Each structure stands twice: as C-alpha cells, then as structure tokens.
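**Q** Below you will find the structure I want to go over with you.
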C-alpha cells in the first residue's frame, strides 16, 4: 500500500508542472464586426466595407488574417490587409477595409452579401465572435411572387399538382421585419395566391386561415408566417408551398350573466307574525274567547277606556234622573 501511495504522489507531482505550463500559455481573443458604407446600392456599384478587429485579451495576437468565407451577388472582392495579416497588441483595435461590386444576381435577389472569419497564428481563446457578415441591399427591382396553401396533415407534407388546396386563406406580404405592408391576397379554389409586384429580397408572408383550418408555417409548422424571397427573373412559377390541416371549429363561449342567488332567509314581508302569548288572566274553562291582538299593555289600556266610558254613562244617567225627579 505504501508503494502504491508513493507512486500516486509521484504521478501527481509530475503532472503539476505540465498543468502549470498549460495555465501559463493564454491565447488571444479576437472579435470582428463589419459595416457597409451605404444603405442601398445599384447593380454594378462599388461598395466599401469597414471591418473592425479587436483583441479583447491580454495576449498579443500574431498575424490576424482571413481564414475563409462566402459571398453572393458581388464580384471582385478585395480583402487587402485581411489577406496578408497583421499583428494586434493586447487590448488594441484596428480597422481595415475591403471592396467589391454588386452584380446582376444582387439585383435579382434584392441584395448581395459578404461573410468571412479571422484568426491569429497563435490561437484563439473564443472563436464565437471571429465571424462577421454584411448585407448589401440593391433596391428598385420588383417582381411577382406566388404560392399554394394546400391540404396537409403535417409541416413536412409535400405539394403535388393534384393536392387539394385551401381556399379563402388571407395572405399578407410585408417587409422582412413586418413594419411595411406591401400587399395582401386571398387563395382561390385551388389554394393559389399571387402578388403582382413586390420588391426583390426577403418578404414576410402571414397567413390567416378560415374557420376549421390551421396553417402549418414557420420552422416547425407552429407559426402563421414564413419568410420568402422575391427574385427578379423571368419565372412565374409559384415558389411558396404551405400546408394547412383541418381542425375542429370552436364556437365562441358565452358567459351567462350572473343571476341573483336565492336567499336562504325568508323575505321580511313573508315572515309570519309571532303569535301573541295568551293572557295570564284567561280562564281555561271560559272556552275560546276573542282573539287577542295586542300585548298586556294594550289590554290594560282597553280596560281603562271601558271603565271611563262606563263612568261617563253613569254620570249622564244620574243627571237625567235628577232632572226627571225635580220636574
């Protein structure tokens, strides 16, 4: 056991210098962005792209250079210093320029683009921000765009000339950011829609299906919109194919108005009046008497009134008698 422990300690000590060497070898961190010199170009116009390169690390970057890229709708791109490379000190920033011309394809598509990546010879700490791209819009070109909304059970359903369409779907075409509305159309009996004049480039199509249908648009068929590209060419063939499936028609729910809940307490007007207690002076052998409609106080007051009336009658009778006797 002691021999094994000693061997493990020796191996651990041997690894420490290698780990320290790796930790002592940091790499530069290059970040790149780009911007075009104009908002719009004409076909065949020269463009200039300003590229900003920053070294965000504390390590000097050796020969930062172009490592690959892609472009479309442009000709004769000159990368200049990005092709030959340059050193960039820790924390420093450098701007360089590349140039080129838009071509016919950019005019047909509504834009051209240039995309590329950079790297340093002595490595990279984080290559996520080493890639940049710039879009070069070519405005003023228009063409039509058409498509089908067809019956399909899933997003991956395929359209064929015999596939039934979905009529009555409203399609609205806007700019790619949705801020500018270009036109709207309604699908016919075959599910076909067509826009006669849209600017070349990307457009956003938003679909509103009639009741009983759900449009399966977007990346996973969960949206009601999709991006499409308008190309200025001689083709009039539909380019957009969007499936839609039948769904149950749900009627709008109506919330019943709240009705007053029945009160558990009887209405005061319906409450029976409490039966008065029988008089304590009533004799059980006297049989049923007149109903008592008041309390004891009322009885006393009534008795007093009767007594007064009797007294008055006796006085009047005595006076009449005296008068009669005197006569």
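Cβ from N, Cα, C; glycine included.
From TrEMBL, here are the annotated features:
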SIGNAL    1-23  signal peptide
DOMAIN    145-231  domain 'SD-repeat containing protein B'
REGION    244-288  region 'Disordered'
COMPBIAS  248-262  compositional bias 'Low complexity'
COMPBIAS  278-288  compositional bias 'Low complexity'
DOMAIN    283-321  domain 'Gram-positive cocci surface proteins LPxTG'
**Q** The domain 'Gram-positive cocci surface proteins LPxTG' (283-321): mean pLDDT?
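**A** The answer is 44, the mean pLDDT of the model over that range.
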**Q** Where DSSP helix means H, G or I and strand means E or B, what are the helix, strand and coil counts for the domain 'SD-repeat containing protein B' (145-231)?
**A** 0 helix, 47 strand, 40 coil
